[in-house]
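Okay, structure first, notes after.
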Amino acid sequence: MGVRVFAMRPRPGGGFEFVFLMTTFPVQASAVGGWRTVLRSVAALLLGYTILMAGNGLFTTLTALRLIGSGLSTTLTGLIQSLYYVGFFAGTFACGGLIRQVGHHRAFAVMAATITCVALAQSLGVSPWLWALCRLLTGMALVGIFMVMESWLNGCAANHLRGQVMSVYMITGYLGISAGQWLLNVPLSASGSLFSVVGILFALSAIPVTLTTPGTHLGVSPNLLETILRLLATVRQMARLAPIGLGATLVAGCLSGAFYTMIPVFFARHGYGEADIAEFMGLSMLAALSLQWPVGRLSDKVDRRTLLARLCLAIGAIALAIALSGKTAWMLWLILAYVSVTFTLYGVASAIVNDVMPPESRIDTSSVLLLAFAAGGIAGPLLVSLFMDGLGPAGYFYCSAVLSFGLLAAMTRYRPSPRDA
């Protein structure tokens, strides 16, 4: 069975066909938006992605815990962790060309192989310089994975299903990340063995994707200058058509990047042990997926900008409640509520943008969204670490409140034209 596609062109003899970068085949218009048809076309991709995110969930938390255990300062830990998003940012310029040149299947396999090697390198021991390089390479590889996923999925979905398709994408990712957290407590004899488990999961993730029917690639990859010019043109177009979606993606990157890299530090500063942190991270990823489907469906039924504003208000209010409550019995429940709302931001922002961007620019659109997300991911851990150094552990959530209320204020001041998103 062919892969669902995102570009439409006339077909000789009448009608039309849809083209998805690698494979082309005629379809009926009604089938493009068919929910079951879309899911069947990307089932293998979602399976591989879930396995990979299980490895990434274990990898991210394990890295944070090992850095904490090494005695590094909060600021240095945040700096090393933020290099993941520096790599994420840089990777957006290279990965789009790679996908065009070799196709989605091979690009996924290349990225999975890269992070497998990185995970095994980190098993050699804690070294700030080595781990900084590893976080950089991990970010570069994972942004390629996300570009494969998002350009593929957005190409499959008509506007009336896009929120739901993105919610399934987010749910499978968070299920994988949650499963990875529980692996932290697996008893292994060697101290670096958990990094080997990460490598195994990364390698396994490529199998279901590469076993799908391969298509043809588009040939020559654009050079770096052409890539930069394409992305700049897409940024200008996106800023004109969907500035709210672009800004929300940036804030989502800040909040997400801070959570993955600094929430283990937050709990460690409150006196929690590794087992407790691992258990909470697993629960938090289950909380992260809990609202994905309801919010995704709701975003297909109501104005997405209004929904985004309400999400920002909820995030800011919960963050302030956590910061002011301190270490109480309610703190963990409030943090789970915070996670459940915060991790819906990116899906809604992505849907806002993809609603108005032209179908033939899906890869460039995904690149720019991930670029904005990465920029936020770079800033998030650094901002949170500075707030925590100045205000203690509660500084984490004061920073989150400032970011979410700041986005809400920007949305309130901005008055979209009828064509804006």
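Even glycines carry a Cβ here, placed using N, Cα and C.
These features come from TrEMBL:
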{"type": "TRANSMEM", "residues": "18-35", "note": "transmembrane segment"}
{"type": "DOMAIN", "residues": "36-418", "note": "domain 'Major facilitator superfamily (MFS) profile'"}
{"type": "TRANSMEM", "residues": "82-99", "note": "transmembrane segment"}
{"type": "TRANSMEM", "residues": "106-124", "note": "transmembrane segment"}
{"type": "TRANSMEM", "residues": "130-153", "note": "transmembrane segment"}
{"type": "TRANSMEM", "residues": "165-184", "note": "transmembrane segment"}
{"type": "TRANSMEM", "residues": "196-220", "note": "transmembrane segment"}
{"type": "TRANSMEM", "residues": "241-265", "note": "transmembrane segment"}
{"type": "TRANSMEM", "residues": "277-295", "note": "transmembrane segment"}
{"type": "TRANSMEM", "residues": "307-324", "note": "transmembrane segment"}
{"type": "TRANSMEM", "residues": "330-356", "note": "transmembrane segment"}
{"type": "TRANSMEM", "residues": "368-388", "note": "transmembrane segment"}
{"type": "TRANSMEM", "residues": "394-412", "note": "transmembrane segment"}
Between the transmembrane segment (241-265) and the transmembrane segment (277-295), are there three or more C-beta pairs closer than 8 Å, counting only pairs 6 or more apart along the chain?
yes
With pairs 6 or more apart in sequence, are the transmembrane segment (130-153) and the transmembrane segment (368-388) linked by at least 3 Cβ pairs under 8 Å?
yes
Examine the transmembrane segment (165-184) against the transmembrane segment (330-356) and state whether at least 3 Cβ pairs sit under 8 A, considering only residue pairs 6 or more apart.
yes
What stretch of 106-124, 307-324, 368-388, 394-412 shows the most Cβ pairs under 8 Å to the transmembrane segment (330-356)?
307-324
Quick test of the contact rule: Cβ under 8 Å, at least six residues beyond the ends. What residues does that give for the transmembrane segment (106-124)?
45, 48, 52, 55-56, 59, 63, 95, 98-99, 130-131, 134, 137-138, 140-142, 144-145, 148, 192-193, 195-196, 198-199, 202-203, 205-206, 209-210, 214, 217
Within-chain partners of the transmembrane segment (394-412) [C-beta distance under 8 Å, separation at least 6 from its ends]:
244, 247-248, 251, 254-255, 258, 262-263, 266, 305, 308-309, 312-313, 315-316, 319-320, 322-324, 326, 338, 342, 383-384, 386-388
Please report, as numbers and ranges, the same-chain residues at least 6 past the borders of the transmembrane segment (82-99) whose CB is under 8 Å from any CB of it.
21, 107, 110-111, 132, 135-144, 147-148, 151, 221-222, 224, 227-228, 230-231, 253, 257, 261, 363-364, 366-368, 370-371, 373-382
